[in-house]
There are 4 protein chains.
Amino acid sequence: MRNAKPLPGSLVQRYHGWRATTFAENASWYRRLATEGQRPRTMVISCCDSRVHVTSIFGAEQGEFFIHRNIANLVPPYESDGARHGTSAAIEYAVTALRVSQIMILGHSLCGGVQGCEAMCSGHAPELESPDSFVGRWMDLLRPGWEKVRGIEDADERREALEKEAVLTSLDNLMTFPFVAAAVEAGDLALHGLWNDITQGGLEIYDASADRFVAL
Amino acid sequence: MRNAKPLPGSLVQRYHGWRATTFAENASWYRRLATEGQRPRTMVISCCDSRVHVTSIFGAEQGEFFIHRNIANLVPPYESDGARHGTSAAIEYAVTALRVSQIMILGHSLCGGVQGCEAMCSGHAPELESPDSFVGRWMDLLRPGWEKVRGIEDADERREALEKEAVLTSLDNLMTFPFVAAAVEAGDLALHGLWNDITQGGLEIYDASADRFVAL
Amino acid sequence: MRNAKPLPGSLVQRYHGWRATTFAENASWYRRLATEGQRPRTMVISCCDSRVHVTSIFGAEQGEFFIHRNIANLVPPYESDGARHGTSAAIEYAVTALRVSQIMILGHSLCGGVQGCEAMCSGHAPELESPDSFVGRWMDLLRPGWEKVRGIEDADERREALEKEAVLTSLDNLMTFPFVAAAVEAGDLALHGLWNDITQGGLEIYDASADRFVAL
Amino acid sequence: MRNAKPLPGSLVQRYHGWRATTFAENASWYRRLATEGQRPRTMVISCCDSRVHVTSIFGAEQGEFFIHRNIANLVPPYESDGARHGTSAAIEYAVTALRVSQIMILGHSLCGGVQGCEAMCSGHAPELESPDSFVGRWMDLLRPGWEKVRGIEDADERREALEKEAVLTSLDNLMTFPFVAAAVEAGDLALHGLWNDITQGGLEIYDASADRFVAL
């Protein structure tokens with residue numbers, strides 16, 4: 001027998017609450033989304049972190065955001081090797097099938113994945129160097145970012161700089177996807193880099209002309 | 001210069017609305033989540049689809065759900081090959097670092113990824129068979145599920161059965177991760193399989209003893 | 001021999017039902033709450049009344065709400081006299097040890113304690129004036145509230161106004177506790193005043209800017 | 001302006017969910033409870049701890065349990081001194097006005113109040129000895145219980161024994177209230193002492209004839 005359990009009663013109750021209120025009030029819109037298909041304007045790539053829900057920050061309605069969430073909001077570079085690439089599949093679907101108009105990379109403060117990367121790269125987390133470590137191998141994507149910020153003396157500044165490097169890495173890697181680059185160059189797709197300060201509720205956006213993050 | 005654009009004004013405006021209301025009203029809690037770290041009870045693995053936001057369905061607060069979203073809510077099998085595995089990294093972090101108490105796989109109706117899988121497996125989407133197709137290679141995970149449902153004659157029934165196979169595939173693959181299996185066996189982790197009917201706002205849960213999905 | 005009796009069979013039976021279902025389904029979470037300790041976001045101060053269970057109204061999970069219940073959801077003023085103060089002890093523990101982020105005062109309609117206060121203050125319940133009356137001495141806390149509403153002619157309106165005064169009295173007295181005032185001023189603690197209409201299932205919240213209760 | 005904030009949106013949503021489901025399904029019963037008044041069979045005195053909700057353990061419906069919750073589920077002795085006694089007021093109201101048929105004292109494992117008492121009595125928490133400490137002065141009620149268990153060498157056993165002493169102290173103090181003793185002697189009121197093991201979901205009841213707690 002498969003390993004699967006009933007849902008906690010509090011979640012069952014909450015679901016019924018949602019259905020009787022939010023769903024009921026939006027039923028005709030949901031039905032239209034169902035019959036006509038989704039048509040999101042935006043793809044969001046954000047972190048799994050339970051403290052950063054992009055639908056809350058932007059008051060998103062059903063149907064607006066196509067959302068991929070992974071550890072540290074990272075996009076790997078384009079690799080056409082016939083292997084399995086979950087993040088790349090999400091991007092491909094968003095850009096080529098849904099033809100979203102924008103991709104938002106949303107990083108954040110106090111990111112556990114980024115902290116792991118820093119610990120690994122600075123020699124304090126040998127277990128993350130193991131080939132067996134999924135988190136370690138995933139955070140390898142941010143090693144070049146680490147090289148750029150490792151000289152920053154203040155620990156908090158260095159951490160924040162690395163979190164922002166995760167956003168920039170993803171922006172750069174996005175452009176290695178031929179279909180992304182083509183859509184950006186045709187003016188059909190805009191990329192955005194954002195960083196959320198959990199503590200203060202702040203949001204900074206990467207300003208390409210100034211090459212730095214500025215408060216919204 | 002990097003390719004990154006300012007955010008559309010409507011999103012900037014919505015962010016400020018969030019900060020002045022939801023963030024302001026929850027500021028002390030957000031600060032505590034920041035200083036003490038997240039302690040989510042639940043990991044959710046759901047689809048990127050813009051019509052299925054688990055935080056809405058369960059009225060989740062900041063800090064409650066650690067959420068990975070990918071195409072068709074799929075979990076690959078455990079592969080300790082030193083390669084990059086984004087979904088596996090998220091699961092490893094949730095189970096070993098955050099020690100969540102439950103993992104919820106949330107599938108849904110009208111899933112574009114599942115439709116692609118069906119088209120590919122039934123010979124109607126040769127482009128998805130290409131080694132270059134990220135979506136195709138990702139949906140290979142569901143090929144064994146297709147074999148189980150391909151005999152169903154009614155197209156809608158077959159589609160829904162395949163969507164549910166995606167949930168079951170993920171439940172089965174989760175148990176191939178040694179740290180997941182160990183936590184489940186120790187009673188520290190519960191797995192749940194769910195399927196959301198977008199049109200009706202329905203929610204079904206996989207009942208292991210009956211080996212079928214039943215309405216909540 | 002101490003005076004203690006076996007539990008009625010119906011309650012024993014219900015307990016076993018809970019253990020086989022709710023507890024079993026949440027066992028890993030309960031164990032984690034046990035090993036890591038509780039970390040509730042919210043303290044609730046509500047009435048003992050059997051018709052007002054805040055865990056039901058808000059679908060609260062284990063671990064979410066730290067709940068003090070007394071007659072008429074009253075908070076006494078801060079008194080540092082070395083005497084025993086049960087309500088103050090609960091508030092001190094919630095704010096200084098658990099560092100909750102919000103305190104919710106939940107009043108309600110048809111409150112027996114408030115009715116007793118009205119009867120006492122209007123001269124219709126001399127027995128409550130006796131030094132021996134625990135309920136009378138407790139409801140003395142609401143005498144200043146009575147002075148504010150006694151001029152209201154309509155009996156139902158006057159009763160409801162007095163129930164709401166109980167909530168406001170508690171909000172005001174909370175701020176006389178130095179550790180509460182400090183946490184509120186630091187933005188670490190938010191206070192909320194609520195009133196539940198039992199008959200209609202209504203919930204009103206005190207809006208400080210308008211100085212009145214408004215429906216949620 | 002009073003210090004009071006709006007409620008977090010997730011709680012507002014959950015309330016509306018409750019109203020549309022649980023309340024709607026029970027509206028006629030709630031209305032009857034409103035028009036006829038509450039008539040609970042049982043008073044429960046339990047701890048504020050967020051992990052122990054008696055309504056969950058016994059699947060209690062609206063109207064069944066009149067619940068007082070304080071730190072460590074303690075009942076002080078009867079003191080007819082004209083001062084304010086919140087717990088005594090709740091007991092007086094339950095027994096003389098509502099005429100409940102039983103009072104359940106519900107203790108539990110891992111009780112923070114009991115841990116504070118132990119720390120204070122064993123000289124490890126001088127701050128709790130201060131006249132300013134509300135928790136300390138409240139936990140003075142359990143000092144006699146500490147004297148009984150202090151000789152137990154094993155720390156876990158000692159803690160559990162002290163948690164159970166809190167239940168027994170409350171049972172004993174209940175009988176110092178003349179109206180409680182009279183009702184018990186008339187056979188109109190039964191007292192029950194219970195202890196909940198949070199980790200295991202266990203429930204033990206005090207068996208007066210054997211003078212020990214036994215599993216239900």
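Even glycines carry a Cβ here, placed using N, Cα and C.
Quantities reported herein were computed from a predicted structural model and do not represent experimental measurements.
Now, the feature entries from TrEMBL:
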type	residues	note
BINDING	C:Cys47, C:Asp49, C:His108, C:Cys111	Zn(2+) binding site
Would you count the other C-beta atoms found within 10 angstroms of the C-beta of C:His108 (Zn(2+) binding site) for me?
22
Filtered C:Cys47, C:His108, C:Cys111 - binding-site residues with C-beta under 8 A from chain D:
none
Beyond the listed site residues C:Cys47, C:Asp49, C:His108, C:Cys111, identify every same-chain residue whose Cβ lies within 8 Å of the center of their Cβ atoms for the Zn(2+) site.
C:Ser46, C:Cys48, C:Arg51, C:Val52, C:Ala72, C:Asn73, C:Gly107, C:Ser109, C:Leu110, C:Gly112, C:Gly113, C:Val114, C:Glu163, C:Asn196, C:Ile198
Return the residues near C:Cys111 (Zn(2+) binding site), defined as same-chain residues 6+ apart in sequence whose C-beta is under 8 angstroms from its C-beta, sorted by sequence, else 'none'.
C:Cys47, C:Asp49, C:Ala72, C:Glu163, C:Ala166
Across all chains shown, how many C-beta atoms besides its own are within 10 angstroms of the C-beta of C:Asp49 (Zn(2+) binding site)?
28
Using a 10 Å radius around its CB, how many other CB atoms surround C:Cys47 (Zn(2+) binding site)?
28
